[in-house]
Structure formats: C-alpha cells, structure tokens
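Summarising the annotation, TrEMBL assigns domain 'D-isomer specific 2-hydroxyacid dehydrogenase catalytic' to 4-312. If you look up TrEMBL, you'll see 106-280 marked as domain 'D-isomer specific 2-hydroxyacid dehydrogenase NAD-binding'. The feature domain 'D-3-phosphoglycerate dehydrogenase ASB' is assigned by TrEMBL to 323-440. The annotation domain 'ACT' is assigned in TrEMBL to 454-515.
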Amino acid sequence: MPKVLISDKMDPKAAQIFRERGVEVDEITGKTPDELKAMIGQYDGLAIRSSTKVTKEILDAATNLKVVGRAGIGVDNVDIPSASAKGVVVMNTPFGNSITTAEHAIALMFALARDLPEADKSTQAGKWEKNRFMGVEVTGKTLGLIGAGNIGSIVADRALGLKMKVIAYDPFLTPERALEMGVEKMTLDDLLLRADFITLHTPLTDQTRNILSAENLAKTKKGVRIINCARGGLIDEAALKAGLDSGHIGGAALDVFVQEPAKESPLFNTPNFISTPHLGASTNEAQVNVAIQVAEQMADFLVSGGVTNALNVPSLSAEEAPRLKPYMALAEKLGSLIGQLAHGEIARVSIHSEGAAAELNQKPIVSAVLAGFLRVHSDTVNMVNAPFLAKERGMEVREVRNEKEGDYHTLLRVSVKTADGERSVAGTLFSNTQPRLVELFGIKVEADLVGNMLYVVNEDAPGFIGRLGTTLGEAGVNIGTFHLGRRDTGGEAVLLLSIDDEVTPELIATVRALPGVKTAMALKF
Ligand SMILES: NC(=O)C1=CN([C@@H]2O[C@H](COP(=O)(O)OP(=O)(O)OC[C@H]3O[C@@H](n4cnc5c(N)ncnc54)[C@H](O)[C@@H]3O)[C@@H](O)[C@H]2O)C=CC1
Ligand SMILES: O=C(O)CCC(=O)C(=O)O
C-alpha cells in the first residue's frame, strides 16, 4: 500500500480521501528540515502547502518518494529541477484557491482605498476621527494588473463589476484573451504611468523578480496604491518603503513578503501600509478545494498512474492511463532495445507513431521511450527525469505522428541518429495489450522482448542455426523462444533468442567465434 506524509496543515478531507483510495497516510506537521529528512525515506508521496521546503537535501533522503503534491498554486518551495532529476513528480492544484486569492486582492484594494485598518484601530481607541480618514472611490479608477492568468483574470472580472477600468501587462496574454476579459493589454511602462491601483498576479521568476523595482516604482502615478497577493520578491521592499515615506506611493498592501514568515520588516508601522500573513488562500472553501484536489491527484498517481497538474511530467488522466499502459511498455522496450544496440553519441531520437498509436497522447510515450533508452546507462532513470536527462545530454527528441495505418493497425518506431547514420526498431501491440518487436534495423522479425536475450547477426547460410543450437546446448544454455528474420535470402540474418539464464561474456565469445557470425550481444529487458 503506498504511503503519504502530509507535512503542512491541511483540511482533514485530504487524509480522508487518501484512506478511501487505499493510501496509508500520516499527518505530521511542523517538523524541522532535519526531522523531515530523517523520516521522508518511508514515504511514496509528500503532500504540502507552503511551509515545507522540499529542498535537494530532502529529496536526496527521499529514497521511495514518487510524488510531491502542493495543495495550492505556487511551487517555489519545491526544488523542481532536483525533483525532476530524481524522478519525482511535482503536482499542484492550479485552480482551487484562485477565487479566494482574487477576493483577497479586492479586499486589500478596498482596505487601501478607505484606510480601513487604521480607521478601525482609531475608532476602537475611542477617537472617532471622522475628518482624518478621507478615502477614494474605486469606481472609474484604473486598475493595473501585472499578470493576467487565473487569479489576475478573476480580479479583472470583479474589478469590471466595480466599474473600474482594467489594464494589463502580461507578455503571454493574447489580444483575443484580453478582449474576452475586457481588459486593455499594454506595456509595463504604460501600465505604470496610467494605473491608480496596481495588483500583482505573476509567479516569482527571474523575469518577474523586482518587477516593481525602485526604477519602475518611480514611473508610477503619484498616489498609486499597490497590492501584492502573489509572491514576495515581486516588489523591492526597500524601494516601496521609500516610496511610501516620500508620499509618492499612496498606499501598499502586502500579503506576501521576500522573507516569510515576516516577523519583522522596515515596512511595518509605515503610514498607509497594510499587511496580512500570506492569507490569500485562507478560506474554508479554498482549503477544502485544494485538499480534495491534491489528495485525489496524488492517489490517482500512486494507485493507477494517472498524472494531473504535474509541473515536470506530461499529464495522463486516470481514464487514459490503462489505454496508454501497454504502449508505454512497448515504448520502453523499444527504447531499451535501441539503447542497448546503438553505439556512439546519440544526436537525435525520433519516435514515430502510426495508426491507432498516433491518436494517443504522445508525451507519455515519448517519455517512456527515453526512459527505456537512458536506463541502459543508469538505474535511476524514470519517465519523469528521462526528458530532462535527454535534454541535459544534448539529445534532440523528435515526435512524428501518422494516423494512417500501415502493415499494422498500430505501430511505434524508434530511430536514433548517431555518427554512423540513422537506425530504427519498430513494434506493435498484439491484442492491443502485448508488446511485440516487428522490425529491427530494417529486418522484419517478430519477437517478445523479455528477460535475458541473445542477439546475433550472421550471414544467412545453411547449417548456421544448427551450429548455434549445438553450441548453446553444449554450453548448457536453454533456449526459451527463438525469433529469426533476414534481409533477403543469403543476405544478413538476425536472431533473437530468449535464454533462461543470464547470457555470460564467455557465451558471447563462443558465439562470436562461430563461422558467419557478424555480431553477438547479450540483451536484457
Ligand atoms: N497569496 C496567496 O496565498 C496565493 C498566491 N498565489 C500566487 O499567485 C500567483 C498567480 O497565480 P495564478 O494566477 O494562478 O497563476 P497563472 O499561472 O494562472 O498566472 C500567472 C500569469 O503571470 C503571467 N506572467 C508570467 N511572467 C510574467 C511577466 N514577466 N510579466 C507579466 N506577467 C507574467 C503569466 O503569463 C500568467 O498569465 C502565483 O505566484 C501564485 O503562487 C496563488 C494562490 C494563493
Ligand atoms: O497554502 C497557502 O496558504 C498559500 C497558497 C499559495 O501561496 C499558493 O497557492 O500559491
């Protein structure tokens, strides 16, 4: 039974779903990195929010870990490249808390517009300072969105409902989508110049870090009010403080900070500054949503191989998984075969799907080919890290589909290009379930790629098969299956034999010494 650790506070629905789906679950929160490192080895899955930092060190200690599930959106607390290199799937729940977070941004916008926290403090202190608090209406004002994805677009929708004008800077926002959202797309400089309120909704990346830098803050309209419910690090906090102090910035509300938990900050107690402790996703509704979603996704993956919302591996629905499973087995065997037979540096791997195979989701098939191929040289390769390793090794990966059936109703062909030229192997599924090799380097041969195999290329001449059989018999080697193919009569022939025991180097040397043998090799599947 797979075992999952929930290491951050999560709605109890998550544990309930894991148990219902046959996954053992421990809920142990508040552990230090060292304590987590000591215990992580026993778990197949790790379910987190934002407190647990899934570092390379934790991943190195996680010898059984297959999946990290983030109940939420941002995965900046997970070292994704290290997870990919270790073959661990990283998933998030991209929609469960979007509405809640957008509502928090709108709440902060109103809090800034009417100075609500300060007015509340003053009133409860018995001051009744009616003249001190003069706010602004949001109706008719311009809201500048930096980032117009899931949350940004919900904020836009709510702001339009409030009769605001919404402008957006997002390099990936298409004009069609901007039109559909009812926002005006523009450059960052134009947005800075025009917005009365600015709200940030991008992830923290090398491009977005300090997007509101001192220089950019200086370009904003005097009196601008700024809201950040996305990630600390998008705004230069020192420059924000200077802008508030000088009065150029009319107000700022931060839910997120460069350093979290933010127990102290030069911004604290600055006039017109409001803060919340990363509460963007903190509503009952959002927490139930993300807990259910993360547990379902992780259980799907651990129990049936379905992949949803993964950030480092292609998606594969729980419905698709059973249909794709035999193809992935075939893809892995073909990748492994060509990986064992190919020599020299591989410049390119091409995966060609024909007939029924071409109608399927190709990404998992490609990953399986690469995993089979690269596993020949490393035991730690799997479907998650294979594409990453192929890229790291400078291999070009090509994917070609042809829905028209050829000789077989379904076919996968894997070709590799080396300095010696391009060579390919092809396979099909018998009864839609059983992987079979049908072509090897241009020679038709039908074989099951299983267990220990002996691969022989020889001159097609009478008596060879008898001699080989005698040699194997004398060496005490039992043949399981025997598959033969040849290019043309009297030309080159290929033999693939499954052998009960491991094919020893001595046996290979004996076979190579037989007259007519061009190549002999041990293969393993
Ligand atoms: N405060 C909180 O508790 C929460 C914070 N978040 C954070 O909110 C952020 C946004 O989340 P979603 O809208 O769901 O993400 P999303 O991926 O749907 O949208 C992000 C948008 O940012 C845009 N973007 C990327 N690079 C950009 C750049 N250089 N300049 C301008 N735009 C750029 C993308 O094109 C995309 O449209 C994430 O960082 C997430 O972690 C999400 C949920 C809760
Ligand atoms: O889990 C949380 O409270 C934080 C949510 C968040 O920041 C996110 O989903 O990106």
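Cβ from N, Cα, C; glycine included.
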Can you break down the domain 'ACT' (454-515) into helix, strand and coil residue counts using DSSP?
19 helix, 22 strand, 21 coil
Counts of helix, strand and coil residues, the domain 'D-3-phosphoglycerate dehydrogenase ASB' (323-440), according to DSSP:
45 helix, 41 strand, 32 coil
Model confidence over the domain 'ACT' (454-515), averaged pLDDT:
91
